[in-house]
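K.L.:
This is the structure I have questions about; it appears just below.
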C-alpha cells in the first residue's frame with residue numbers, strides 16, 4: 001500500500017510537469033468544462049483578433065488544478081501570439097519585472113502564476129505597465145540616481161491565483177476580465193480521463209474512468225495524477241487495461257475513499273473531532289495540532305471539504321458537520337459538548 005500519497009502536491013517534479021504538459025489541451029475546442037468561462041473567453045479573444053490589438057488583462061482565480069495555466073496557454077494559442085510564464089515569488093525586484101516585460105513582442109501573453117504573492121514594490125511597478133504599457137525604473141543610487149521610462153509593447157497579462165482575497169484593490173481593478181473557475185462535475189472529469197488515457201495509449205473502460213473521476217475532488221490535475229497511479233497498478237497487478245475492478249483496487253490502496261478524501265483530509269476531520277470536540281476551533285490551532293501550515297490547510301484542503309459538506313466556517317472557527325461524523329463512523333457532540341448516539 002502506498003502511504004502519504006498527496007494527490008494535491010503543489011511542487012511537481014520535472015517528470016510530473018512533463019506529464020501534465022503532454023495532456024494539456026492547446027485550444028478551446030479540446031478544453032472540457034468551465035463552459036461559461038470558455039464561452040466568454042472565445043468572444044473576448046475573437047474581438048481582440050478582429051481589432052488586431054492586445055486582449056484586455058485577465059484574472060483567473062479558483063482552487064488549484066482547475067486549468068488556469070492551461071487556459072492561459074490556450075488564450076495565447078488562439079490569439080496566435082507568444083506566451084511567457086513566470087510567478088509572483090520569482091519576480092523579487094523591479095528589475096526582474098522589467099526584464100520580462102521588455103522581452104515581450106506586441107500583443108504577447110504574459111502569465112503570472114500566484115500573482116497574489118507579488119512583492120508590494122514590484123506590484124507598484126506593474127500598475128503603469130498594465131495601464132500605459134510603460135515602466136519607470138531607477139538607475140544608479142544616491143545623488144546620481146535617476147529615473148528612466150521604458151516603453152513597452154502592448155501585451156496581455158493573465159494573472160492566476162488560488163487566493164483572490166489577498167489581491168490588493170488597485171491590482172484587481174486593473175484586470176478588465178475577471179473569471180472564476182469552478183470545480184468540475186464527474187461527467188466532465190470522466191471525459192478528461194478518457195482523453196488523457198488515449199493520449200497515454202492506456203486502455204481505460206468508461207466505468208473505470210467514472211470511478212477515478214468520482215474520487216478526483218472535481219479537479220482535472222488530480223484526475224490525471226490518479227490516472228497515472230492507476231495505470232501503474234493495471235500494468236503490475238492486471239493486464240494493463242484499466243477496468244473498474246483494478247481502478248477501485250488502486251484507489252483503495254492509495255487511501256482515496258469514495259468521496260475523494262485522502263488520509264490528510266480525514267486527519268483534519270478527526271483532529272477537530274477528537275481534540276476539539278468537533279469545533280468550532282481556529283485555523284491556526286488546527287494547523288498547530290496537525291503540524292501543517294495554516295495557509296496550506298486554508299488554500300488546499302478546506303475548499304473541497306467545505307464544498308462537499310464535511311466542514312463549515314463559522315464566526316468562531318471551523319466546525320465539522322454531521323456528514324463528517326457519519327463518514328468517519330463517530331458519535332456526535334451536542335451543543336453542551338456531551339455525547340449522544342442516534
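Note that Cβ sites are derived from N, Cα and C of the backbone, with glycine treated the same way.
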K.L.:
Just to be sure I read the record right: 23, 24, 65, 68, 69, 70, 131, 132, 133, 174, 184 are listed as binding ATP in Swiss-Prot. Which of 217, 221, 228 is listed for the same site?
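P.N.:
Record source Swiss-Prot; matching candidate: 221.
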K.L.:
Which whole number is the mean pLDDT over the region 'Head domain (RuvB-H)' (258-342)?
P.N.:
86
K.L.:
Counting by DSSP secondary structure, give me helix, strand and coil numbers for the region 'Small ATPAse domain (RuvB-S)' (185-255).
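P.N.:
Going by DSSP assignments, the region 'Small ATPAse domain (RuvB-S)' (185-255) contains 51 helix, 2 strand, 18 coil.
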K.L.:
Taking the Cα atoms as reference points, how far is residue 133 (ATP binding site) from residue 313 (DNA binding site) in Å?
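P.N.:
Per the Cα atoms, residue 133 (ATP binding site) and residue 313 (DNA binding site) stand 42 Å apart.
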K.L.:
Of the residues in the region 'Head domain (RuvB-H)' (258-342), how many are helix, strand and coil by DSSP?
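P.N.:
Computed counts for the region 'Head domain (RuvB-H)' (258-342) are 43 helix, 13 strand, 29 coil.
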K.L.:
Which ones in the same chain are close to residue 318 (DNA binding site), with CB under 8 Å and 6+ residues apart in sequence?
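P.N.:
For residue 318 (DNA binding site), the qualifying residues are 272, 279, 280, 281, 282, 283, 286, 302, 311, 312.
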K.L.:
Give the distance between the Cα atoms of residue 65 (ATP binding site) and residue 313 (DNA binding site), rounded to the nearest whole Å.
P.N.:
23
